[in-house]
Ligand SMILES: NC(=O)c1ccc[n+]([C@@H]2O[C@H](COP(=O)([O-])OP(=O)(O)OC[C@H]3O[C@@H](n4cnc5c(N)ncnc54)[C@H](OP(=O)(O)O)[C@@H]3O)[C@@H](O)[C@H]2O)c1
């Protein structure tokens, strides 16, 4: 039985959902991969807990977090071999996630990032660091989570050239646009998305198009080997849409969507975030409320479209798909 020690940085909605699923799947991991999985360390911004034998979960999953067990020294003190990073997204500096992921990879830990900041800030640097230390950097949680995106590009569509990616990559903007087309106000729709736990902690990150821009940035750099910066990506938002826009789209029989697009033209990769409208019979028009979608156009495998729903639990499950891929590779 191989022991796997997991550290989780960022213990909010998603970090807790990750811990919940790991605990529910302990037996599954034992039986399928002969793996003894322990969560040995968790931390938030001010407090955390480390127990090298595995954290003492109560029946209500509340943990006695200790002040100061966070930040510099947390990763080293955790003695973990996998980091799951679920802290805030700061794409300007990489934020605390960048520090945690760098430390983890440097120490020979695998890193699974759900937050996007570090990956937008320096995906290439982190990927190089992972390679130099013989470990994996996994990013499904940061690239639309439950919707398969990076795995499509890196694994499923290997063997052909991907020419274009177009996706409804942010659940909040799709939810808000869908609700506005149903007659709800922008503010009420954003509040509802927050209540459902699908919006970012600061919903401006979603509605101004930053979330989609971060995702296409990471996908372009990780999936196509591009070197795009966030400022290279023209970006629309949905925060300036007026009631008159909604009326016009309804009269025209079209559906608005905030789209992340990547075009790959012989090694020249471009990305953008665009507010577009689609006719009612387009597949994207059926992608409503809490759903996301991706359409990939290839040279020889034709066009592939995937559509899925989202939730905090689904995001956590996507990060654990990455973890399960690590278990599979080690068990071969
Ligand atoms: N919600 C979703 O559906 C979704 C989907 C995909 C990706 N994500 C990404 O997942 C990440 C977490 O989202 P969330 O919804 O779980 O947010 P959240 O509930 O606000 O949780 C964020 C957590 O990060 C912690 N944190 C802040 N600064 C920290 C630091 N310096 N060191 C360690 N922890 C720190 C916070 O600690 P305190 O409680 O002490 O402040 C909190 O526990 C975000 O980057 C988000 O973009 C979310």
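Positions of Cβ are set from backbone N, Cα and C atoms, glycine also.
If you look up TrEMBL, you'll see 10-137 marked as domain 'Aspartate/homoserine dehydrogenase NAD-binding'.
Within 10 Å of the C-beta atom of residue 10 (NADP(+) binding site) sit 26 other C-beta atoms, taking all shown protein chains into account. Annotated NADP(+) binding site per TrEMBL: 10, 11, 12, 13, 14, 15, in sequence order.
According to TrEMBL, the feature NADPH binding site maps to 116. Other Cβ atoms within 10 Å of the Cβ of residue 116 (NADPH binding site), summed over all protein chains shown, number 28.
As annotated by TrEMBL, domain 'Homoserine dehydrogenase catalytic' applies to 148-322.
Long-range Cβ neighbours of residue 200 (L-homoserine binding site) (same chain, at least 6 residues apart, Cβ-Cβ under 8 Å): 89, 172, 206, 211. Look at TrEMBL and you will find 200 tagged as L-homoserine binding site.
The active site, proton donor annotation in TrEMBL covers 215. If you draw a 10 Å sphere around the CB of residue 215 (active site, proton donor), it holds 28 other CB atoms from the protein chains shown. DSSP assigns residue 215 (active site, proton donor) to a helix in the three-state reduction.
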**Study point:** Collapsed DSSP category at residue 11 (NADP(+) binding site)
**Key:** coil
Review point. Could you tell me the C-alpha distance between residue 116 (NADPH binding site) and residue 14 (NADP(+) binding site) in angstrom, no decimals?
Key: 13
**Study point:** binding-site residues (12, 15), the one with most neighbouring Cβ atoms at 10 Å
**Key:** 15
Study note, to complete from the structure: For residue 14 (NADP(+) binding site), the same-chain residues 6+ apart in sequence with C-beta under 8 angstroms from its C-beta are 86, 114, 141, 312, 315, 316, 319
**Study point:** Long-range Cβ environment of residue 11 (NADP(+) binding site), under 8 Å and at least 6 residues apart
**Key:** 19, 42, 43, 44, 48, 65, 86
Study note, to complete from the structure: Between the C-alpha atoms of residue 15 (NADP(+) binding site) and residue 215 (active site, proton donor), the distance in angstrom, to the nearest integer, is 20
